[in-house]
Each structure stands twice: as C-alpha cells, then as structure tokens.
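Structure record follows, encoded as structure tokens.
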Amino acid sequence: MKLKNKLYISFCIMVILPVLLSGLALGGLYCVQKESIERTYNVDDGAILVGVYSPIILFGKITDSIYKDMKTEVDTSPEQFTNKEYLDELSGELSSKMSCLVVRRNGIIIYNSTEAPDSEIVKILPDYSADEENVSDVGTYKGGEYQSLIKQLNFKDSEDNFYSVSIVTSLKQILPQVKTFIMQVIFVIIMVLIITSLGLTLWIYSSIVKPLNKLKLATDNIKEGNMDFEMPKVSNNEIGDVCRDFEEMRVVLKQSAEDKIKSDAEEKELIRNISHDLKTPLTAIKGYVEGLRDGIANTPEKQAKYIQTIANKVNDMDKLIDELTIYSRLDTNRVPYTFVRCNVSDYFGDCCEEIGTELEASQIELEYNDHLTEPAYMNVDPEQLKRVVNNIISNSVKYMAEGRQGKIKIDLYDEGDYIHAIFSDNGIGIAAKDVERIFERFYRTDESRNSKHGGSGIGLAIVKKIVEDHKGKIWAESVEGEGTTMHLNLLKAKDEENPENA
Ligand code: ADP
C-alpha cells in the first residue's frame, strides 16, 4: 500500500478508533458502576442518570430509605431518639450512605455524629418548630462553604419536648463508585490512546524503516564492491519504488563494471594481437635484410626475390596499420558519415561493374541478380558502404577454393522495410564453430591463418561496425568446403523521403 494512503488511513484510525473504544469502555464501566450504586445506595436507574448532572438529587435519594424508617419510628416510638444505642446504630447506617445524624431537643444538640462541632453544625441546620413535622422530604440545600443537604424530622414527644432529627449529607464528597468510574475512564482513555498510537506507529514504522534498513544493507554492499547483492523484495509503496530503482541502478552498475572488465581484457588482447601481427612481418623483414647483408642472396635473382618479399611484408604491415586506424576511428565514432539517399539498384549495379572488372583479372565469375521490381531507395554513406562490399568480395576472392572455377553471386531482394543483399561464393567455406565469430575483431579461422594470404582479422569487424552504424544487419552462413554466403540487410528510405513514390 502507498505510504500516502497508509498515513491517510492511520490519521482516520487515530481519530475514530480512540473515540469508539473510549465510548465502548465508558458505556461498559458506567453499567458496572451504576449497578454498584444501585446495590449500595438502594436508588433506581433514573436517580443515577439525574445524578450525573444534579448530584443533590442523587445524594437526596440515597438516604431516602433511612429517612422513611426514621419517620415510622417518630410515629411509633419517638422516645427512641433519646436512646444512644439506637442513635449510634442509625448513624452507623448513615455513615455508609456518606451522611451524619444530628438530634436536637428543645434547640439543644443532644446527638451529633458529624465531624463539625455543635456550635458550627447548629448554623447549617434549618430552624424548626414543633408545628412543622417535616421540613422537607427531599431535603434542604445549604450552599456557601457548607455545601450540604439536610433532611429533617420535627416532632414533639409526650412530655412536649421539641425534637429535630437531621440527616446531614455533605455534597463536597464524591461517591466512591463515581471516583472509581472517573479513574477507570481516565485509565481506559490513556490505554486506548497508547495502544492505538503504538499500533499505528509500528505499522508506519514497518513500512518505512524496514525497507530503509534493506536499502542501507544494499548500499553498504555496493560500497564494499559487492555488486551481486540483490536488493530483497520490499513493499509496494513510495520507498519500495526507490528500492526498486536502486536495484535497477545496481544491475546497470554491475553491467557496466562487467563491461569495463571485458573491455579492459579486450584492450589487452588487442594490444597483444597488434604486437603479434606487426612482429610477424617484421621478423620476416629482419631475416630477409640479414640475408641480403650477409650475402646469402648471392645472385641478382635471389636478391630481387628477397627485396620483393620485403616489399610485400611492408605492404601487409601498411595495410594492417590502415585497417587498425580505420577500425579505431570507427570504434570511437570518429568517422563522420555522410548519408545520401541512393537508388538501391543503381548503387549495387555500379559496385558490381567495378568489382566485375577487378574479378576478370583473377578469372572469377561474377553473377549479379537484381530482383527489385520497383525502384527502392536507401540512406547510406556510399563510400563506407563500398568499403563493406569490397571487404566481403575481397574475402571471397581471398578464400577461394583452389582447383575449381571461382564464382561470386550477388542477389538483391526487396523485403518490406529492408533491402536484402546476398553475397555468395564457392570458396573454402567456414567451419560451423567459427561462423558466429568471424565478425569479432582479430578473429581468424585456422584455415585462413594457414593460408598464403595475409589477413588481420579486422576486415569483418569494420564491416559489422559500418553496417550497424547504418542501422542494418549482417550475418554469415557457410558450408565448409562448399562456400560462404553473407547476408546484408539495409534499411530502406521511407516513402515520404522518396520523391519518386510521392
Ligand atoms: P581477414 O583479414 O583474416 O580476412 P576478416 O575479418 O575479413 O579478416 O575475416 C575474418 C575471418 O573470417 C577470416 O580470417 C576468414 O577465416 C573468415 N572468412 C571471411 N570471409 C570468408 C569467406 N568468404 N570464405 C571463407 N572464410 C571467410
């Protein structure tokens, strides 16, 4: 998943999940504590709900049952309110309901279970008269610093003493269940927030840090030169994209490092080959020169032969150096091509005419078949393409089989986008194992090495480079002992480039 989407989802979860979980926890805890309040204080569901926003009503309700019992007691045996034991028992019950008991007789406090001294408690208790039986069933609220709810029973005993029994409930306190509820809610909210953010952080962490660690491992490997270290698979997000790009870069780097090793090796081989190919004629020249100097060539005929051989070897060297120069210029793209639109039939026709005259001297037959039915054009550098044709033909001449009439055939075909030129000879042919390699620089087959004809193994490398620079293709087919066929594909000029077809 994309990192952007993950962040978006995690933001939504961060907002929604804590609210949902906290809501659920709040509901559950409320039910538990509500039941506990109902059980402990004997109050109904409605009173608790009201108590949430009006604690006075809830505090009033929790002493209701005791207040009712006291009322019955007033009617049946009011003298009980002078009985210390009874009053202690009553105040014990009230203290579990978070309330205290105060009893006054004729205005004087005779029992006080509150923590406040009599002088203080008297200030908050409502006045009473024997006429009023009950001050209020609900209770009287005393605000200010006292914050108390007082339920009071006023009555007269048989001896005409005025009694006032008060239940004092301080509103400054909180029900233990409410306290627990608040603590639990705070705890749950904190836990939900911690768990949600921890979960989401881990989720995001795993999609950022894990792939970054893998990337770091890969860069460390590359730094140490280990180009074979493959980047492990990573998630499909933005960092994953970077990792995949990195892997592609590693492959390219590895390839270029391998290419560099290969080209270094090729360069060394090239130098070895050049030295070898120059050394061979030089050694021969040295030998013949020494032969002349030491008088081994003691007849004018021998001397002339030695000099001719020296001249031939010098020519070979000159040719080799020329070929090397051309190849090196082509290889480093220093040959400026001048592409010209040519009529294919005209171009190959002219070439064959030239070649034909040269071949006549070597008594080799040349057959030229132009199979084009319509005029076709190609964009080529005529001079460089001539080098290609001449090289192919000169090889055919060089590697002609002895003892049979040499034949060279050139066929020209129109094949859609390409012109297909086929050069076949009936020469010595090339072994199957060598056919693929003859276009490599300095590659020569064993037969050609042993032949009397000189050669550098560079000619076909030059041919291939020129053809490829023309966006064409060249390949060879050969049957050893029967002959060789060279196939040359050249791109045709597009119709719109061809004024005659327009
Ligand atoms: P070289 O200077 O040796 O001719 P080339 O690059 O022109 O170098 O050719 C490479 C090798 O391919 C030759 O040495 C020869 O063995 C083989 N070859 C090329 N053309 C022919 C052909 N027409 N017949 C037989 N062998 C050929």
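First residue shown is number 1, and so on along the chain.
Placement of Cβ uses the backbone N, Cα and C atoms for every residue, glycine included.
Mean pLDDT for the domain 'HAMP' (206-258) in this predicted model: 87. Annotation source TrEMBL lists domain 'HAMP' at 206-258.
Residues or ranges marked as domain 'Histidine kinase' by TrEMBL: 273-494.
What TrEMBL lists as transmembrane segment is 7-26 (among others).
For 46-63 (among others), the entry in TrEMBL reads transmembrane segment.
The transmembrane segment annotation in TrEMBL covers 181-205 (among others). Counting residues 6+ beyond its ends, the transmembrane segment (181-205) has Cβ neighbours under 8 Å at 6-7, 10, 13-14, 17-18, 21-22, 25-26, 29-30, 33, 174 in the same chain.
Listed as Cβ neighbours of the transmembrane segment (7-26) (distance under 8 Å, sequence separation of 6 or more from its ends, same chain) are residues 184-185, 188-189, 192-193, 196-197, 200, 203-204.
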